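Colleague: So Swiss-Prot lists the following for this protein:
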ACT_SITE  CYS105  active site, nucleophile
ACT_SITE  HIS192  active site
ACT_SITE  GLU194  active site
BINDING   SER246, GLY247, GLY248, VAL249, ASP250, SER251, SER252  ATP binding site
DOMAIN    28-218  domain 'Glutamine amidotransferase type-1'
DOMAIN    219-417  domain 'GMPS ATP-PPase'
Amino acid sequence: MATQIPSKPSTSETVPTESLKERINRQMIVILDFGSQYSELIARRIRETNVYSEVLSYRTSAEQLRQLAPKGIILSGGPNSVYDKNAPQCTQEIWDLGIPILGVCYGMQLMVQQLGGKVERAKRAEYGKASLHIDDPTDLLTNVEDNSIAWMSHGDSCIELPDGFKILAHTDNTPCAAIANHEQKLFGVQFHPEVVHSVGGIALIRNFVYHICECEPTWTTEAFVEEAIREIRAKIGDKRVLLALSGGVDSSTLAFLLHRAIGDQLTCMFIDQGFMRKGEPERLMEIFDHQFHIPVVYVNSREQFLEQLKGVTDPEEKRRLIGHEFIKVFEEESNRLGPFDYLAQGTLYPDVIESADSNVDPQTGERVAVKIKSHHNVGGLPKNLRFKLVEPLRKLFKDEVRKVARSIGLPEEIVRRHPFPGPGLAIRIIGEVTSERLKILRDADFVVRDEISKQGMYHDFWQAFAVLLPVRSVGVMGDQRTYAHPVVLRLITSEDGMTADWAKVPYDLLEIISNRIVNEVRGVNRVVYDITSKPPGTIEWE
């Protein structure tokens, strides 16, 4: 029996007079970002406690903070020293807002410096794990065990505290590992409670959120879905919406959410550019069109995408051409199917943060963005498209999208699908993309996914895939000399894709995968395993 998704309500349904959004925002924690690699992680950790959080620039004014009226503020870490000439500084007025504040690493040092204390270069820098000795186990450090592990990453130290502050904890090398001014509800920690290595970190964050800021747990999956549907209906009214479906968890969740909110006013378009994994286009159509009765317009553009990549070997040029062709096909099909009033996009919160505020340059204090490679997801739709945007997922992190997906009934194969780049297999073929090389890689990649699934290990990896190299190697098969392609196996573990470790896969599984690829995939005679972590490498090869 097909699973039914509730469509738009009858006009007799009542709309709540008070928005959930207002209730959620009244419990918000704001993170002021000073360029830390962990700022987003702090926000995620707070949201895991069912309290909403946002990451804002350290330049946010006191007046803006007053208008937001958060229950608490966290000052993030950062790469600078507070005594540097161009070190980023928050407004001094922040200390007079009467809002509880927690400074983390650089944030704590900034608190100390701005309130009259002293920060200097530490005699001994502290990086990695340290034992946290607790001097005052109340308030911030309630339920944090004495001598538990804390993750340190600092070269400076607070050597003199402002008036009204006391030491809550220390390490062997850091006299002021945690501090507090209880009267003003100002707290600081020299370590990073948000990272998994800090054993008592989650307890500390919960203490700040619930005991010090007195937040209520209003940020839940159910609350988000309810509010998102209400906002979609209010914004769209009786207009039509177009969504470019990719088959990933983001666009699939967006499709389900929109269909639940506005029903047949939504048109989903799937552009098959020919670079998806084996069986994926067919399975996508089966799930949406047949299983859940969400109509999808299928556009077969395989030949024209392949034609665009003829003779192209540069990875950035591949991305550019694929993106350009995607826009061309999208415009043609939207004109044919239209008119539409809205374009739905699966923008996530990290995209919002990245576009609003990039990293802090440690030399100048200015925020800059360094491009490692063009973003994998094929987007970049032209600015002159005649659509208004609707982005219901723009407040969510990836892990939150998966929770929403599960709550609204998406199949687990989509919910827990490994991340897949927008250009697909085209950037896992090093060098020119041809139909022959696509078949080789598609077949090899299928073996990888098939075997880890058989072993019940699919969900043990963040990603698991094959890469086809543009070289050949000599081999021997059936007493005959072969000269064929090597395939690289890339299996990695990660929490969020920002950093990643190569997976310590059992040798017998690697052997099975290797034997199957060499025997089943024509054109391959060698299999190698990539043991590079991120950093220094990236997850994808291109």
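Using the three backbone atoms N, Cα and C, a Cβ is placed for every residue, glycine included.
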Colleague: With every protein chain in view, how many other Cβ atoms are within 10 Å of the Cβ of GLY247 (ATP binding site)?
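Modeller: I count 21 other Cβ atoms within 10 Å of it.
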Colleague: Near the ATP site, what residues other than SER246, GLY247, GLY248, VAL249, ASP250, SER251, SER252 in the same chain have a C-beta no further than 8 Å from the centroid of the listed C-beta atoms?
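Modeller: Those within range, site residues removed, are LEU245, THR253, LEU254, GLY346, ILE414, ARG417.
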Colleague: Of all the active-site residues given, namely CYS105, HIS192, GLU194, which is spatially nearest to GLY247 (ATP binding site) at the Cα level?
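Modeller: Of the active-site residues CYS105, HIS192, GLU194, GLU194 has its Cα closest to that of GLY247 (ATP binding site).
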Colleague: Including all protein chains displayed, how many Cβ atoms other than that of GLY248 (ATP binding site) lie within 10 Å of its Cβ?
Modeller: 20
Colleague: Taking DSSP three-state, what's SER246 (ATP binding site) in: helix, strand or coil?
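Modeller: Once the DSSP labels are grouped into three classes, SER246 (ATP binding site) ends up as coil.
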Colleague: Calculate the distance in Å between the alpha carbons (Cα) of SER252 (ATP binding site) and CYS105 (active site, nucleophile), and round it to a whole number.
Modeller: 39
Colleague: For each of SER251, SER252, count the other CB atoms within 10 A of its CB; which of these binding-site residues has the top count?
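Modeller: Going through SER251, SER252 one by one, the largest Cβ count within 10 Å is at SER252.
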Colleague: Specify the count of other C-beta atoms within 10 Å of the C-beta of ASP250 (ATP binding site).
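Modeller: The answer is 20.
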Colleague: Could you tell me the C-alpha distance between GLU194 (active site) and CYS105 (active site, nucleophile) in angstrom, no decimals?
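Modeller: Checking the Cα atoms of GLU194 (active site) and CYS105 (active site, nucleophile) gives a distance of 11 Å.
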Colleague: Give me the count of other Cβ atoms within 10 A of the Cβ belonging to the residue listed as 'active site, nucleophile'.
Modeller: 25
Colleague: Whole-number Å distance between the CA of HIS192 (active site) and the CA of VAL249 (ATP binding site)?
Modeller: 30
